[in-house]
Amino acid sequence: MGKNEQKDPNVYFFVPNLIGFTRVFLVLISLYFMSWHPNYCTIVYLYSSLLDAFDGWAARKLHQATNFGAILDMVTDRCATSCLLCFLCAAYPKYAIIFQLLVSLDLASHYMHMYSTLHQGASSHKTVTKKHNWMLRLYYGNNKVLFIFCAANEMFFVALYLLSFTPRTPPKLGYLPVPSFIYSTGELPLSYPTLLAVLCGPICLAKQIINVVQLVNAANALVKMDVEQRRAAKKLQ
């Protein structure tokens, strides 16, 4: 190797990717605690989610944005949320089909959106243009909006996770009588998880609407690409 030749950098050891690997490790730890220690699980899970904001910042700050890092980030998000929703299926069997649909919607919408944007020549699945729906432009075009929606979405599911455990001590605010289809015991504890669920629930619902819009937008883009390819093929015949 000549003196002027430089060795290719090891992308795996870029700072944003190391943060990504740390997130994966923390998610695995949270899964270990998930069924029997909600406090440990919640702390580790939320710490992993918090790091999601730092890997992107590090990538921009250190000029270490990579294709691998972008995919690692998205896959980690999808897998972590899916694992939590799988637990909620067992914790709330009456609503299992809802959580199953949420997992399916989350995976399908993000995969199809990524596939369509990259096939249209975009450098990232977060790249949106005027052709995209206004909701997607607002969602992906503003990092603060993206963070709020993603954080509230995760916090709502975490709140449901915490509520699935019987509190060791009675909540200071007492209990609220509710129908059994809302809470199995008929008495909803007025605790921090309850307040968190109430605050984050509407944003979580909006996030699911965005996922539907994202799915439809990606499907339309892929169909348009198919039509254009078939037209081009006919011209060559």
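Along the chain as shown, residues are numbered 1 onward.
Cβ atoms are placed via backbone N, Cα and C, with glycine included.
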What does Swiss-Prot say: are TYR12 and THR166 on the same side of the membrane? no
Per DSSP, what is the helix/strand/coil residue tally across the topological domain 'Cytoplasmic' (207-237)? 30 helix, 0 strand, 1 coil
Within 10 Å of the Cβ of ASP77 (active site, proton acceptor), how many other Cβ atoms can you find? Include all protein chains, please. 20
Residue list, the transmembrane segment (42-62) vs rest of chain: Cβ under 8 Å, 6 or more residues beyond ends. 14-17, 19-20, 22-23, 26-27, 29-30, 33, 69, 73, 76-77, 80, 84, 143, 147, 150-151, 154, 158, 161-162
Does anything in the same chain, at least 6 positions from THR66 (CDP-1,2-diacyl-sn-glycerol binding site), have a Cβ under 8 Å from its Cβ, and if so what? VAL11, PHE14, PRO16, ASN17, ALA59
In sequence order, the binding-site residues (ASP55, GLY56, ARG60) whose C-alpha falls within 10 A of ASP77 (active site, proton acceptor): none
From the DSSP assignment alone, can you count helix, strand and coil residues within the topological domain 'Lumenal' (166-185)? 0 helix, 3 strand, 17 coil
